[in-house]
C-alpha cells in the first residue's frame, strides 16, 4: 500500500498542494495533519505508524513535512524499517528506502555522521563553557538537593553519628529521612562522620 503523509504547521494553512502531489503519485490513503512539526504530539503521524504494515511505502512531498530534525528523521526511518516498510520523498529524491538504493544509504550514513558530529560539538562547547565559568568562579554546578542546612540531611547525619546508641542501620536512616544512601555517605564523609 502506498501511504501519503501531508502536514501543515497551522489550521489556517492549506494542504491542497501536498494532497494533489500525493494523489498524483498514486497514494492509496493520505494522512492529513495540521500541527507544528516541532511538536512531538502528532496524532496522524502516530496513527500512520501504528497502521503501517510490512511492504507499505510512506510518501511525503518533502522531508520538512514529516521531520524537523535529522535526529527525528533517523528515529522515524528506524521505526518504519522495523515494520518492514519504507519511506520515499517526492522532492528529496535521494530519500528512497523502497529498494537497496546505494545513494540513499550513503546520504543517510553521511547525515547520521553529521548529526553525531553536531551532538559531540555541542557537548564539547558545553564542557568548555563550564570550565571557563568555573575558572571565573561563576559556575557552581547543580544545586545540592540536600545542602548543609537541609533539615532532613541534618537529621540523617545526626542519626548516623549516633547509630550505635539508636540502633539505626543506614537503610533505616534513609527510609526515615528520605535521603538517599549515596548522598548520605557523601555528606557523612565530608563531615568526617564515617
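Even glycines carry a Cβ here, placed using N, Cα and C.
Pulled from TrEMBL:
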- 9: active site, O-(5'-phospho-DNA)-serine intermediate (ACT_SITE)
- 1-137: domain 'Resolvase/invertase-type recombinase catalytic' (DOMAIN)
Using a 10 Å radius on the Cβ of residue 9 (active site, O-(5'-phospho-DNA)-serine intermediate), the other Cβ atoms enclosed count 16
Grab the pLDDT values for the domain 'Resolvase/invertase-type recombinase catalytic' (1-137) and give me their mean, rounded. 87
For the domain 'Resolvase/invertase-type recombinase catalytic' (1-137), the number of residues DSSP places in helix, strand and coil: 70 helix, 22 strand, 45 coil
